[in-house]
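According to Swiss-Prot, the protein has these features:
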- 12-157: domain 'CP-type G' (DOMAIN)
- Asn54, Lys55, Val56, Asp57, Asn109, Thr110, Gly111, Lys112, Ser113, Thr114, Gly153: GTP binding site (BINDING)
Amino acid sequence: MSWYPGHIEKAKRQIKDLLRLVNTVVEVRDARAPFATSAYGVDFSRKETIILLNKVDIADEKTTKKWVEFFKKQGKRVITTHKGEPRKVLLKKLSFDRLARVLIVGVPNTGKSTIINKLKGKRASSVGAQPGITKGIQWFSLENGVKILDTPGILYKNIFSEDLAAKLLLVGSLPVERIEDQRIFERAFEIFARSIGIESSFSEFFEDFARKRGLLKKGGVPDIERALMLFFTEVAQGKAGRVSFERPEDITPVQQEQTRGV
């Protein structure tokens with residue numbers, strides 16, 4: 001994958017330096033793909049770490065419960081949340097120690113900026129649908145004196161598999177317009193179809209989707225490119241309903257090693 005804004009690489013280097021200033025890390029992950037959206041390449045193992053599964057309202061409920069148990073069995077602290085959850089509920093779940101100095105991280109479009117703004121109690125930073133929109137690194141404080149460090153989203157410089165790229169596409173962490181490899185679209189559709197029980201082939205599904213949405217070229221030919229753009233944008237936004245794109249039992253030891261912090 002060639003898409004990798006320079007500010008994300010810069011932030012990754014800075015985060016390694018800033019880890020010495022904090023004692024707690026909150027990893028914001030998309031509940032629809034908790035493994036794929038943990039792809040940092042930064043080792044947080046020496047810090048108290050909270051895995052925050054965001055967007056649980058658009059993830060499959062049973063699968064989310066499996067992920068919570070999966071992380072708990074690994075001895076990790078995990079909480080769940082969503083955009084509509086009140087600030088006081090989120091703060092209670094996080095239950096930071098008064099002396100906490102917190103680093104909040106997340107790959108693009110996991111909802112990290114929304115979490116940050118909710119904790120601030122006001123919409124103080126730019127929140128948008130484009131991955132990597134928050135470019136600065138800054139501190140802010142909660143009412144009880146807890147200090148929180150905001151960071152941009154982080155992605156691997158090298159997305160090492162079609163499977164990972166496909167899942168990041170499905171949750172919106174990779175911009176759909178930057179995908180140049182048809183195989184990634186095909187793999188993403190395969191994952192989506194398996195998740196909700198679609199039996200149509202890739203070509204059948206998108207030809208039908210294009211016709212239903214009026215995405216046609218001259219002569220009534222389905223515009224597959226526009227169909228792909230619209231479909232994957234809507235899936236990332238949660239318009240396909242409550243669906244998860246990976247399960248704990250599908251993650252192999254090799255995959256876990258590939259995404260281990262460095």
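Glycine residues also receive a Cβ, built from the backbone N, Cα and C atoms like all the rest.
Keep in mind that this is a model prediction, so the values were computed, not measured.
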DSSP-derived class (H/G/I helix, E/B strand, else coil) of Val56 (GTP binding site): helix
Gly111 (GTP binding site) CB neighbourhood, other CB atoms within 10 A: 22
Helix, strand and coil counts within the domain 'CP-type G' (12-157) (DSSP): 46 helix, 32 strand, 68 coil
Other C-beta atoms that fall within 10 angstroms of the C-beta of Val56 (GTP binding site): 23
Around the Cβ of Asn54 (GTP binding site), the count of other Cβ atoms that are within 10 Å: 26
Other C-beta atoms that fall within 10 angstroms of the C-beta of Ser113 (GTP binding site): 23
